[in-house]
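Over in TrEMBL, the protein carries these features:
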TRANSMEM  B:21-42  transmembrane segment
DOMAIN    B:28-111  domain 'Peptidase S26'
ACT_SITE  B:52  active site
ACT_SITE  B:101  active site
């Protein structure tokens with residue numbers, strides 16, 4: 001068997017199976033779309049992000065990140081993780097921020113050096129703040145955010161390819 | 001029509017019972033992602049737990065173990081939210097459970113709150129709603145009086161039809177809902193915002 005025959009075998013299989021069988025073709029196309037949807041919703045997804053709110057971590061424009069959906073609804077999220085969630089302020093848009101407090105934690109309600117008032121994060125909520133405190137709409141404005149809004153955790157920066165890196169939570173417990 | 005295509009699907013080799021059985025199972029399994037998509041974005045049959053919507057849903061919760069069965073419409077869940085609609089959303093106080101409650105007030109409204117809430121009145125902020133259970137016993141429902149106004153992006157679907165029990169089968173006429181005079185209707189442009 002020549003190399004050509006060997007390589008063209010899967011295409012011959014697809015041709016024999018689907019050419020002249022429109023219903024099979026439509027069914028297979030739909031199933032492929034549904035499988036990819038499930039993968040993007042429950043597995044991993046990639047997205048471009050923009051905005052100045054996460055500045056040292058993510059650039060203002062042109063960065064793409066890899067998001068693991070295993071952390072949806074805040075499962076296994078720790079303080080210091082970067083999460084993607086449905087916006088509280090603008091429904092329909094997604095936001096990326098850093099988690100600064102989980103349920104039961106005491107957090108600073110405003111930016112450091114302003115009021116100094118601490119509040120406790122209620123049950124099922126978390127406290128999210130952008131890394132760039134001056135240009136971020138976050139929990140300091142809309143308060144504790146329900147964990148159910150969290151869609152996933154940002155695990156890596158993928159694009160630009162030269163700046164690719166895993167986003168590792170570098171917070172450690174104080175000794 | 002189908003018989004024209006069926007012989008093509010199977011190879012000419014004879015197959016044993018288990019091979020045939022596995023093939024059928026696999027064909028069924030390939031449609032599971034379609035079901036997941038449908039349940040997540042088109043609509044889903046929902047069983048109602050608990051008595052928080054008594055007497056409207058689960059009206060016989062104290063007489064039997066039977067649960068009401070409803071149809072939740074999940075297509076564009078956050079558009080066209082009105083006072084009186086019944087919506088389903090992930091509970092703000094426990095992300096792993098889905099709550100079903102009634103929208104009492106929308107953005108801009110002034111609500112007179114009930115017991116656990118720390119303030120006597122609250123003005124609903126932009127893109128938030130106030131949800132409550134129908135049960136008059138405030139211990140039977142965990143709602144906005146505990147966790148405050150919820151962001152509309154939490155809402156997953158609208159409960160539109162009752163499927164079971166048979167006597168209440170049909171569309172839910174949420175327009176007929178009258179709240180207990182604890183809401184002063186406002187305008188969306190008066191809602192507190194963050195810009």
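Every residue, even glycine, has its Cβ placed from backbone N, Cα and C.
Long-range Cβ proximity for residue B:101 (active site), meaning a same-chain Cβ under 8 A and a gap of 6 or more residues, is found for B:52, B:53, B:86, B:87, B:89, B:131, B:132, B:133, B:141, B:143, B:144. Secondary structure by DSSP for the domain 'Peptidase S26' (B:28-111): 12 helix, 25 strand, 47 coil. For residue B:52 (active site), the count of additional Cβ atoms within 10 Å of its Cβ stands at 22 [all protein chains shown].
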